[in-house]
Amino acid sequence: MRTFLYWLALVVTAYVVQTSFLPLIFYRGIGPDLLLLITISFAFLKGRRLGCFMGFLLGLFKDLASGGFLGMNTFANMMMGYCCGIFSNRVLRDSFILPIAAAWMSTISVFCLFEIIFLLLGYGFFPLAHIKYKLLPMLCYNIVFAWPVHVMVHKVDKRVSEKK
């Protein structure tokens, strides 16, 4: 139960920061996706199954809290949790470049996935404008916040492991 409470505190804190304080530094309404970064870091620490499960929970939480299309964030976070979790046994978990590279690749993947879904739903697609005004700011923010989020996830994981 204590493990669940530690992770819940991290997720709720990240979501509160993402929705209340970080909009002060958003660029044209675009900011970092802290829950995606938590999913990525958790997947690298725990593997693909738990990474996929955490992606499901955080994506569902984001979908229910945001009021957008139900299931898009759930699917995207699940995919990123699974894909990053595949490499959990093959990478050095304390590497500085790992969360930054994973945030870069995951942000691009989630952006492409969302754009494909929106295109299939009949929304307008303007590749250069979307890349310039959505993808590039999102990449910059996620790269900047990737390392601090990874450190926090690593600390929570270490604290939870010590308690057992």
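Backbone N, Cα and C atoms are what each Cβ position is placed from, and that goes for glycine too.
Just so you know, TrEMBL annotations never went through curation; they're auto-generated.
If you look up TrEMBL, you'll see 6-27, 64-84, 96-123, 135-153 marked as transmembrane segment.
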Which of 6-27, 64-84, 135-153 contacts the transmembrane segment (96-123) most, counting Cβ pairs under 8 Å: 135-153
Same-chain residues near the transmembrane segment (64-84), Cβ under 8 Å, at least 6 residues beyond its ends: 15, 19, 35-36, 39-40, 42-44, 48, 51-56, 58, 102, 106, 109-110, 113-114, 117
